[in-house]
Amino acid sequence: MNEVKCECGHVNPHGTVLCESCGKVLEEKEMQKKLLDMRYEGSARRSQTYNKTIIDKVWNFFSSVKVGVWLIVVTLVASAFGTILPQEMYIPPVMPAAEYYEEQYGWFGKLYYELGFHNLYSSWWYLLLIASIGVSLVICSLDRVVPLYRALNKQRVTRHEGFLQRQRLFGISAEAPDQESIKKLKGNLQSKRYKIREENGNILAEKNRFSRWGPYVNHVGLIIFLIGGMLRFVPGMYIDSVLWIREGETKAIPETEGQYYLKNNQFILEVYDKEKEDEVFEQAIDKAGMVAKNYQSNVTLYKKAGDSIPGETPELEKVKDEEIRVNEPLKFEGFALYQVDYKLNELNKMTLALQNKETQEEFGEIQIDLYNPKSEYDLGKGYSVEVLSYFPDFEFGEDGNPTTKSRIPNNPAFVFEMKTPDKPEGEVSFVAIRETIEPNGDNQYKMAFKAAETKNVAALTVRKDLTLWIIALGGLIFMIGVVQGAYWNHRRLWVRNVDGQLWTAGHTNKNWHGLKRELEEIFKGTGMEAPAEQQAEDAKNG
Amino acid sequence: MAALSSNLLYTAFILYLIATAFFGGAIKAKKDGQRETGPNKWAAIAIIITIIGFIAQVGYFILRWIAAGHAPVSNLFEFTTFFGMALVGAFIAIYFIYKTPLLGVFTLPVAVLIIAYASMFPREISPLIPALQSDWLHIHVTTAALGEAILAISFAAGLIYLIKHVDQTVKSKSTLWLEVVMFGMVATLGFIIVSTAFSAAGYEAKFNYIDKNGAEAAYDYQMPALVGPHEGQLAAKGKFEPMVETPAIINAKKLNTVIWSLGAGLILYGLLRLILRKRLAASLKPLVKNINLDLVDEISYRSVLIGFPVFTLGALIFAMIWAQIAWTRFWGWDPKEVWALITWLFYAAFLHLRLSKGWHGEKSAWLAVIGFIIIMFNLVAVNLVIAGLHSYAGS
């Protein structure tokens with residue numbers, strides 16, 4: 001529709017400001033200006049041309065750099081707000097967030113919590129901001145890159161006089177130079193790696209046009225990055241789970257559907273010892289007291305062999321032994337296990353002896369596996385102990401009865417029934433750490449604490465992230481694009497014969513000082529003047 | 001080896017100061033002669049001294065690396081010193097592109113201030129905690145610091161632009177904010193002077209106090225306590241009694257340091273104003289007389305163009321790779337991560353405003369100044385005040 005035919009014969013799309021081919025100014029408004037706005041080569045951008053339908057309006061809104069910058073600034077300020085107080089994921093899990101913020105930070109903490117700033121980065125409005133930036137990236141880029149590509153692709157060597165004289169760098173040499181000077185000029189241009197095109201004795205020298213695509217390449221990278229981030233919400237793409245595993249224990253690795261098992265052979269915590277370390281560290285270790293050196297879990301990875309029905313202990317096949325340290329995760333089949341936490345000396349087994357309270361005579365010991373206590377321990381000769389109840393993490397509940405807080409044996413307590421030849425009906429005793437209650441009055445026997453066996457527990461994060469390669473690809477493309485756009489400059493020099501005079505004009509997308517210096521060198525020894533700055537001192541472009 | 005390393009750092013520090021003076025001489029010398037195109041003899045000497053200083057500092061860096069067995073970028077002192085070194089390195093590179101001695105007059109003092117500031121923090125060589133035991137320590141940290149240093153050059157150029165461009169004959173918002181920036185640097189100097197003075201005097205006062213969780217705790221003040229901690233009791237007699245007591249939620253020791261620094265900064269600033277009888281920015285104006293505004297604008301923009309990709313690579317991409325390895329996820333909204341993102345967003349906005357909205361000259365110079373303030377905030381405040389996972393970078 002409404003195509004614009006230039007006098008040079010080239011047919012331009014509707015809305016074109018400068019003819020794609022010869023550069024003639026097609027719009028009245030632009031005629032008035034002393035210098036052309038060369039930003040997108042005067043090409044026809046959709047956003048500058050149509051503004052009727054809703055789609056036009058949405059397109060025009062998001063294609064505006066002004067809107068884009070506002071989105072960036074709002075996101076920036078919002079992000080800063082999220083760092084005033086710690087986010088919910090970083091507060092200690094001692095109490096509900098609602099109470100924590102108020103207790104720690106007073107009215108401000110309460111307000112922070114109520115505004116939802118404790119989870120700012122996953123709030124709907126923050127995600128909406130990021131999504132808007134994504135949309136803006138797509139529309140901004142499309143709005144510009146297509147017409148810009150057309151304009152740079154269709155440009156011809158001989159440019160219109162009106163185009164040349166409205167360039168920032170422009171010059172006219174009074175008399176036409178001889179062939180020798182032109183040859184020298186071309187040689188200089190070539191040695192500066194300009195590509196030269198000629199038409200009727202006119203010259204277009206151009207270099208680094210690819211740098212113009214840098215911004216669009218980096219935007220593509222960012223979009224891929226954001227898509228990668230979005231895919232995280234697709235089930236199965238991202239797994240985040242924690243495995244607490246005791247020394248000696250073999251456990252199914254969560255989220256592997258029972259295919260992989262892990263055995264924790266040993267957990268090691270090392271601290272720096274100033275006697276053993278290099279003496280340069282002595283002062284620092286003295287000052288800090290204790291500095292951790294290594295957190296390490298020695299594990300064995302197993303894979304399930306063959307099929308097994310649920311509940312059956314599967315047959316395991318060893319895959320490998322590995323030492324998991326911070327910075328050295330164990331990797332297998334898209335999963336990674338990271339050393340993230342530990343607990344030293346957790347109670348594991350407890351040894352108690354059946355004892356006559358008066359004579360202190362003992363009738364045998366029982367060792368209770370605190371994770372899997374037997375219900376009865378037979379000591380022979382008519383002595384036996386039955387475990388009536390077991391509370392691994394004992395506390396008195398609100399109703400005054402004993403309960404357990406968790407299944408971790410942090411504070412084990414038992415109700416034993418002790419059967420002996422002289423008390424065959426049994427005596428009941430409640431035994432907790434440093435506490436014994438005898439509900440039926442005075443007993444003749446007791447369970448005396450003998451020893452406890454502890455084990456270290458390692459916490460491993462189980463991670464699978466199928467979005468990583470997309471994120472990495474996005475990052476890589478972004479870097480390529482940003483370097484391409486930032487480290488090279490698109491430079492052009494036009495030389496045209498106009499009625500026996502030689503007109504020259506220069507353009508660069510940025511870094512004008514660099515272009516000017518380069519042109520000085522290129523024109524040196526040709527007997528011609530390099531095109532000169534036309535812009536007033538107070539309105540210069542960088 | 002550690003001692004030799006420290007001496008090299010000291011040497012570099014002194015050489016940077018001398019080089020600053022020579023760069024100053026280079027502009028002075030220009031005044032009498034005609035406007036010359038290339039740098040003069042003074043400038044040639046100045047850049048040679050700068051390079052020798054830079055080599056000395058690289059020597060410090062390498063020796064300390066050998067002594068410690070890991071790259072010396074693992075705590076606030078080491079990182080900040082490296083940042084200062086990168087700033088000098090970036091300056092040397094930019095100097096050879098644009099040959100402007102004036103840039104040295106502004107960049108080197110900033111580098112000197114940064115290195116002196118770094119030295120106020122614990123300087124022992126410390127062993128690495130498990131999270132830091134990775135090659136990514138030096139890959140990530142050095143690239144990020146280099147990126148920030150190149151961006152800081154844009155600040156120096158922006159500042160030159162503003163000092164020359166802002167009209168000092170009338171009072172305006174611009175003159176006010178420019179003085180605020182000047183005061184920021186004077187206050188940093190104040191902090192350095194006060195810290196050095198009290199540490200030379202060996203001042204120490206121990207306070208027992210009640211922390212925000214109601215537990216007993218202790219602070220070792222290295223400066224007389226103007227503000228004391230919550231229910232603080234001086235452990236030893238004869239030391240300065242605090243004038244004000246702070247609520248438990250505030251870190252009284254750090255607040256006290258901030259008050260001392262600002263106070264010293266104010267006094268210094270006041271003295272300077274008294275001596276100079278005009279605004280600091282106004283008294284720097286003669287220095288920038290001969291510089292071409294257009295050129296500093298381009299230097300400022302060029303530094304952002306060069307620094308932005310390096311910053312992205314070091315502070316975001318390498319950071320993400322390491323975070324994925326050490327912390328199980330490449331991004332976790334830790335305050336330092338967020339502030340790296342904020343810095344990145346800011347410079348992205350800078351580039352868009354410049355490329356598409358035509359923000360050149362003064363506007364662009366102000367943006368360069370704000371960008372540097374954000375970088376400094378990330379270096380200073382995020383480490384010392386907000387903390388988080390990167391808090392081991394603090395003291």
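The backbone N, Cα and C atoms fix where each Cβ goes, glycine too.
Residues or ranges marked as domain 'ResB-like' by TrEMBL: A:65-428 (among others).
Positions annotated as domain 'ResB-like' by TrEMBL: A:440-520 (among others).
As annotated by TrEMBL, transmembrane segment applies to A:67-85 (among others).
Annotation source TrEMBL lists transmembrane segment at A:124-146 (among others).
According to TrEMBL, the transmembrane segment annotation covers A:216-234 (among others). Counting only same-chain residues 6+ beyond the ends of the transmembrane segment (A:216-234), those with a CB under 8 A from a CB of the stretch are 130, 133-134, 137-138, 140-141, 144-145, 465-468, 470-471, 473-482, 484-485.
Residues annotated as transmembrane segment in TrEMBL: A:466-488 (among others).
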Apart from its near flanks, which chain residues at least 6 from the ends of the transmembrane segment (A:124-146) lie with a Cβ under 8 angstroms of it?
40, 45-47, 59, 62-65, 67-68, 71-72, 74-75, 78, 213, 215-216, 219-220, 222-223, 226
The domain 'ResB-like' (A:440-520), counted residue by residue under DSSP: helix, strand, coil:
29 helix, 37 strand, 15 coil
For the domain 'ResB-like' (A:440-520), provide the mean pLDDT of the predicted model.
92
